[in-house]
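The structure appears right after this line, and notes come after that.
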Amino acid sequence: MMNLLSSDGVQVLPRPFTLNERRREVRSFVLRQGHFTPAQKRAFDHYWPRFGVDFIGQLRDLDVLFGRSAPKVLEVGFGNGAALRFAAQHEPRYDYIGIEVYAPGVGRLLNGLAEDGSRHVRLYHYDAVEVLNKEIADGALDEIRIYFPDPWHKKRHHKRRLIQPLFATLLVRKLRVGGCLHMATDWADYAEQMWDVLDATPGLVNRAGLRGQVPCPDWRVQTRFERRGQNLGHRVWNLLYDRV
């Protein structure tokens with residue numbers, strides 16, 4: 001079964017699915033599309049051909065996709081796109097791939113990218129596991145970023161968390177040697193699970209040492225919700241792993 005996750009871990013229907021694909025999906029969760037504004041709907045019509053990548057289930061040459069050879073950065077579950085948009089504005093030497101299944105977030109980022117005149121960002125509105133398995137070659141990525149995945153705070157729901165051993169192994173395959181994996185969470189027990197999983201995954205080494213964390217890197221913008229939480233004493237864990 002596909003593991004369809006938005007940036008906050010909510011399973012939702014991705015845009016490219018056909019009716020037959022929806023019928024054969026076995027789901028044990030409530031689907032949520034959220035509030036889709038007219039502007040976000042127009043963004044799909046006007047800007048998807050420019051920034052969007054339709055899932056075809058075949059490996060892609062990423063240099064051909066972007067029309068140049070540059071380091072490739074993937075953000076899984078970009079939410080409303082704030083971090084991805086910020087990175088594209090401030091690190092134009094990179095090519096960015098974003099994956100998100102929550103349609104309003106994709107629409108919002110499409111509008112933002114068009115406003116910025118971005119040329120080095122491509123978006124999937126699809127399942128990240130499927131994209132990684134079928135469209136991105138092993139060793140093709142220089143960085144993978146996953147920010148604030150849903151913590152599924154109830155213990156009985158921990159199995160739904162994105163960061164699991166099989167997924168971590170998949171990420172390692174897609175990173176080139178010398179690349180890095182950056183994750184952020186504001187849930188202590190999810191940080192513990194991330195350490196448990198990633199420290200046990202061959203090919204990954206914590207840059208800050210065993211069960212270590214790093215300050216928020218310059219490439220990740222802090223959201224107003226994050227800043228508000230920190231003002232209330234909430235912690236954020238930034239985990240940075242090197243691919244070896």
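Numbers run from 1 along the shown chain.
Backbone N, Cα and C define each Cβ position, glycine as well.
These come from Swiss-Prot:
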- Asp150: active site (ACT_SITE)
- Glu75, Glu100, Asp127, Asp150: S-adenosyl-L-methionine binding site (BINDING)
- Lys154, Asp186, Thr223, Arg224, Phe225, Glu226: substrate binding site (BINDING)
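Known features from Swiss-Prot, placed on the structure.
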residue : record                               : Cβ contacts under 8 Å, 6 or more apart
Glu75   : S-adenosyl-L-methionine binding site : Ala83, Leu84, Ala87, Tyr96, Ile97, Gly98, Ile99, Ile144, Arg145, Ile146, Tyr147
Lys154  : substrate binding site               : none
Thr223  : substrate binding site               : Ala82, Ala83
Glu226  : substrate binding site               : Asp186, Val236
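Annotation for the recorded positions Glu100, Asp150, Asp186: lowest Cβ count within 10 Å of the residue's own Cβ, Asp186. Distance between Cα atoms for Glu100 (S-adenosyl-L-methionine binding site) and Asp150 (active site): 13 Å, as a whole number. In the three-state DSSP scheme, Glu75 (S-adenosyl-L-methionine binding site) is classed as strand. The secondary structure of Lys154 (substrate binding site), as reduced to three states from DSSP, is coil rather than helix or strand. Among Glu75, Glu100, Asp127, Asp150, the residues given in the record as binding S-adenosyl-L-methionine, the maximal Cα to Cα distance rounds to 15 Å. DSSP assigns Glu100 (S-adenosyl-L-methionine binding site) to coil in the three-state reduction, outside any helix or strand. Over all protein chains present, the Cβ of Asp127 (S-adenosyl-L-methionine binding site) has 21 other Cβ atoms lying within 10 Å. The separation of Asp150 (active site) from Asp127 (S-adenosyl-L-methionine binding site), Cα to Cα, is 15 Å.
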